[in-house]
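As recorded in Swiss-Prot:
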- 5-78: domain 'BTB' (DOMAIN)
- Ser43: phosphoserine (MOD_RES)
- 176-234: repeat 'Kelch 1' (REPEAT)
- 235-282: repeat 'Kelch 2' (REPEAT)
- 284-325: repeat 'Kelch 3' (REPEAT)
- 327-372: repeat 'Kelch 4' (REPEAT)
- 374-429: repeat 'Kelch 5' (REPEAT)
- 431-480: repeat 'Kelch 6' (REPEAT)
Amino acid sequence: MSAEEMVQIRLEDRCYPVSKRKLIEQSDYFRALYRSGMREALSQEAGGPEVQQLRGLSAPGLRLVLDFINAGGAREGWLLGPRGEKGGGVDEDEEMDEVSLLSELVEAASFLQVTSLLQLLLSQVRLNNCLEMYRLAQVYGLPDLQEACLRFMVVHFHEVLCKPQFHLLGSPPQAPGDVSLKQRLREARMTGTPVLVALGDFLGGPLAPHPYQGEPPSMLRYEEMTERWFPLANNLPPDLVNVRGYGSAILDNYLFIVGGYRITSQEISAAHSYNPSTNEWLQVASMNQKRSNFKLVAVNSKLYAIGGQAVSNVECYNPEQDAWNFVAPLPNPLAEFSACECKGKIYVIGGYTTRDRNMNILQYCPSSDMWTLFETCDVHIRKQQMVSVEETIYIVGGCLHELGPNRRSSQSEDMLTVQSYNTVTRQWLYLKENTSKSGLNLTCALHNDGIYIMSRDVTLSTSLEHRVFLKYNIFSDSWEAFRRFPAFGHNLLVSSLYLPNKAET
């Protein structure tokens, strides 16, 4: 069996041996070169192997590409490391950082048109190289690699967003109608299947969707077609176990759980985010102030932690910096209030000041960092939940106490009600009530065409009055009951998240 014909690739004063057959198989550049019969491309030294001269490439990049070619384009085990240990090592005197090495590898692979290597890079996109790969894909016109990087950055959006290099790529759009890279990624996070998710200390039991194997899950997802709940497997951080009074909000399709207190200890400032794209929890920067029984609101791509137990200050979390900063405080400390975002501003309603009932609606403008008195109410409300659609705020549950001359009599001040407040017309509407259910200790989420409302605590001893699992349809102004409560449990939270489609996972 004859020895395989080798070719020497010369770059400056160094030569690299490579199989001629594999070179032609893997490199479109050399395949075209040999087929063309170009004399200047076929220089052979007397008595030695054929020599091909290359210019303008880097030695480390070329060596990695040729090692890949010599391996026959083998994909198994080929990983790009800081020094290219897989797919060919780099001499110690050529030690380089991964970004530089990656740049030179893509340059050489693109010049030599080694398509199989460029395709392999699609599976090598990582958090530490996705931004550089995206830049290189733009420079060398590699649409498949660019798309792979975009998909990866969508999945790991906040982790990518806080990297300094991101803002070099994410420059503002140059023409009207153009969308920035940041906006493209943010919009792509809102794709997939909208799913109702419940988080809590589930106990299983007769109300559980089915018997659990081992420990009950900490998160469940709701399947609307069958009206059943299923475990959403994830590793809940130990720091979140038995935490009460925390703030929660959805930002860029991440579920944030922030602050709170532990039954056996004091308040905490820790913050975590759940990424449904990876089904993983991440710890993010902690607040500057430990706080509990406060409101966490997402507005204009940031989070605002508002007030708390005997606390009036407000902090803003910017995921681009992974940092919290104090902003304008509440005019007064508030307790048992609620807050939500509406048309880019924050509205605070109800609760108590240190002296009396809070009858004011407060509005916070993030751009001016200023709180203003928006309106004064005739109805006092506390412990309510709030969500918004366009310019309308929906107030769910709570304990109502009417003070005006048109006070209406009701069977109970804490029955389950839904009211709306239009921030443009400043009109209140009393929409719906359920006199058999309590409006206290609830969690709710806006999901599809309605507001899903659940009790925070349900056990065998919980009365029917305090077992709530209802949907308020905002278009038909009607209640819709559900047959299945997720499970017995405490400290429950319901949210709406986009989960990846099965074909994407």
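Every residue, even glycine, has its Cβ placed from backbone N, Cα and C.
Across the repeat 'Kelch 6' (431-480), DSSP classifies residues as 3 helix, 29 strand, 18 coil. Residue counts of the repeat 'Kelch 3' (284-325) by helix, strand and coil are 0 helix, 24 strand, 18 coil (DSSP-based).
Across all of the repeat 'Kelch 3' (284-325), the predicted model scores a mean pLDDT of 97.
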